[in-house]
Amino acid sequence: MIALLLIAGLLVGMMLPVQTSVNNHLGKFTRSPLLASFISFSVGALFLLIINIIINPAKLTFSQVSGHYPPYIWFLGGLCGIIFLTGNILLLPRLGAAMTVVTTVTGQMVMSILIDWFGFFHAPIHGISLGRIIGVILMLFGILLMNYLPRAKRKIQTTGSSKWWLIAGFGSGLLPPIQTAVNSQLRTAVDSFFLASLISFVVGVIILALVVAIFVRRFTFSKRKDTGEELPLWAFIGGFLGVAYVTANIVLMPYLGVALTIMILLCGQMVMALLIDHFGMFSIPKQQIDNKRIIGILFIIVGIILVHSF
């Protein structure tokens, strides 16, 4: 059972870099990453609404919600997701891709361990151990190894001001584990994986609509670039991939714990990111896989095994 869940988590984790690449391509037409994210979230929310209408329409009335749950479960998951998404958009040009990944992943692992250890947000408690700590350290080292560039090759150098952005990146990374734990609690309240995902997406759509209205001030975009390239239909699949990712988090967390769920999803992300770079998928410039990145993946896998074993 656990092995199947880990494989499922790995496969779903591989969808996130695809979603990022697809949304990035959509952003070339919208000329705004925020508007592209709004479109992606809207597609995902519409898809989830259709699924809920087909599978469990009665639950859309919320008549089966039982027990007393804190108010934050209805909005905090979606809010965390949007802040993390927007944070990455702000961090990327200031820290570069490598340091954005390293700082946010470090934050994710720290918060995952804390949630597992103390059972925050009513998450199942998974005791801390030396083996789990070593596993997390090995994973962080593997991700650092995969993304490390010598100072001379860095396009963005760390300055005094960018060190505050490093702290912001760490803080942003604290949010996805909170989102996972809260959405899992929401799933218990509404007794439905898909309804919990829908609520999270609707909150995200509302927040993004406000952000786009304030900062972008338009919801229209051209389906044809100045070069004559037309917007392909596959540029809209990011929303479907996001649905799979959010729902998988909700499904996996009660069985694997927050730390292992985040780790297996991150492993999938790293593997797919390597494949996208190596083969130049989705109009991404090719970047050959080298020994350093392969060794990094191996460290990540060993780290996951240790966290699972202990």
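Every residue, even glycine, has its Cβ placed from backbone N, Cα and C.
TrEMBL has this to say about the protein:
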- 36-60: transmembrane segment (TRANSMEM)
- 72-91: transmembrane segment (TRANSMEM)
- 97-118: transmembrane segment (TRANSMEM)
- 130-149: transmembrane segment (TRANSMEM)
- 193-219: transmembrane segment (TRANSMEM)
- 231-252: transmembrane segment (TRANSMEM)
- 258-281: transmembrane segment (TRANSMEM)
- 293-309: transmembrane segment (TRANSMEM)
Task: Among the ranges 72-91, 97-118, 130-149, 193-219, 258-281, the one whose Cβ pairs under 8 Å to the transmembrane segment (36-60) are most numerous - done: 193-219
Task: Closest-packing stretch to the transmembrane segment (193-219), where packing means Cβ pairs under 8 Å, from 72-91, 130-149, 231-252, 258-281 - done: 72-91
Task: Dominant neighbour of the transmembrane segment (258-281) in 72-91, 130-149, 231-252, by Cβ pairs under 8 Å - done: 130-149
Task: Long-range neighbours of the transmembrane segment (293-309), counting only residues six or more past its ends (CB under 8 A) - done: 2, 6, 131-132, 134-146, 256, 259-260, 263-264, 266-267, 270-271, 274
Open item on the list: So if I exclude everything within five residues of the ends of the transmembrane segment (72-91), which remaining residues of that chain have a CB under 8 angstroms from its CBs? That is, six or more out.
Closed with: 33-34, 37, 100, 103-104, 165, 168-169, 172-173, 175-176, 178-179, 182-183, 185-186, 189, 196, 199-204, 207-208, 211, 246
